[in-house]
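Now, the feature entries from Swiss-Prot:
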| type | residues | note |
| --- | --- | --- |
| BINDING | His255, His315 | heme binding site |
| TRANSMEM | 5-25 | transmembrane segment |
| TRANSMEM | 92-112 | transmembrane segment |
| TRANSMEM | 117-137 | transmembrane segment |
| TRANSMEM | 153-173 | transmembrane segment |
| TRANSMEM | 191-211 | transmembrane segment |
| TRANSMEM | 253-273 | transmembrane segment |
| TRANSMEM | 284-304 | transmembrane segment |
| TRANSMEM | 307-327 | transmembrane segment |
Amino acid sequence: MQKNLTRWLLTCCIMVVAMIIVGGITRLTDSGLSIVEWRPVTGILPPFSYDTWQAEFAKYKAFPEYNAVNYGMTLSEFKFIYLLEFVHRLLGRATGLIYILPLIYFYFKGIIKNRDILSYIIVLLLFCVQGFMGWYMVKSGLVNHPSVSHFRLAFHLIIAVIIYHLLFYKLVKNCCDILLIPSQINLKLPLIFSVAAIAMIYVQIFLGALVAGLDAGLIYNSFPLMGGNFIPIEIKDNFISFKNWYDPVFVQFIHRLGAYSLSIIVIALIISLLKVKNPKLNKVAFYLSIALLIQLSTGVITLLYHVPIIAASMHQFFAIVLLSVVIWCYSLIKNS
């Protein structure tokens, strides 16, 4: 039955990642405000007939985004953005069901023990918070300024990442062998760097969501400098101000600084793993190197080519891949 538990956790992880990626595409295509109602139960089916599509389109037209951004949009164009948002919401519902129904089964079968159930309940509560946060985010854009709050967008993403983190950590603990290393070998440094890397990846994902929410990737499309300067001229004289977090230039600059910081931390982690001279940790170091390289490359490509959807989605996906490898590393060290 432990194999079934492992398969379930893996399925949940895949579903959460799919939800994150589709959510990212929804943001990149400005589709998030196409469904102007929150119907958790009755909204599981899309419009089928011409009349129901027209009714949904009429609801959309009643909100500012249509007149301010998409005035003159055809029904076919509306269907595209509507279905993207619909698939994103449907994935959220499906992921919740795929999580809760087997959870009940595994608990009453005794596969999930009482000592472990609290952490699973926390994940369940996070799913509920995530659903509410998604609508709270959408609601922020159904106003005179038709753009969702970039802060709410970032928290919506971070909650999904926390859910993935908790599920993936359980998956790794459930299916990976422990690390057999002599007790005299000190793993304190790799452990510290792995914790620091996880924390920095969270910061970067949050900053990346702010960049997406402010369309900050569409300015200063050069690398490594911003308009010929390391620090862009717009923020040199006003660096410490909360208002900067509403400024696309500032947010992009901080996201770049985060990328440099994360690279240093992950490289330090890789070096500390290689010094242990353990085959399994060497493998982790190799995967970390590949994940970091691809993540940095997709980030630069996304910037230089004005945020193409494929590159931006790959950049988001490899942030999750990099996080996964670091969580795997942390689990191996912590449980050795």
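For all residues, glycine too, the Cβ spot is worked out from N, Cα and C.
Model, not experiment: these values are computed from the prediction.
Tertiary proximity for the transmembrane segment (117-137) is limited to same-chain residues at least six positions away from its ends with a CB under 8 Å from its CB atoms, namely 32, 38, 40, 89, 92, 95-96, 99-100, 103, 107, 148-149, 152-153, 155-156, 159-160, 162-163, 166-167, 170. His255 (heme binding site) is surrounded by 21 other CB atoms, counting those within 10 A of its CB over all protein chains shown. For His315 (heme binding site), applying a Cβ distance below 8 Å and a minimum sequence separation of six or more within one chain yields Gly208, Gln295, Thr298, Gly299, Ile301, Thr302. A contact between the transmembrane segment (92-112) and the transmembrane segment (153-173) is absent, since fewer than 3 of their C-beta pairs, 6 or more residues apart, lie under 8 Å.
With a cut-off of 8 Å between Cβ atoms, the residues of this chain six or more beyond the transmembrane segment (5-25) that come close are 31, 84, 87-88, 91-92, 94-95, 98-99, 102, 106, 111-112, 156-157, 160-161, 163-164, 167-168, 170-171, 174-175, 212, 309, 312-313, 316-317, 320.
Counting residues 6+ beyond its ends, the transmembrane segment (153-173) has Cβ neighbours under 8 Å at 6, 9-10, 12-13, 16-17, 19-20, 23, 27, 119, 122-123, 126-127, 129-130, 133-134, 137, 198, 202, 205-207, 209-210, 212-213, 320, 323-324, 327-328, 331, 335 in the same chain.
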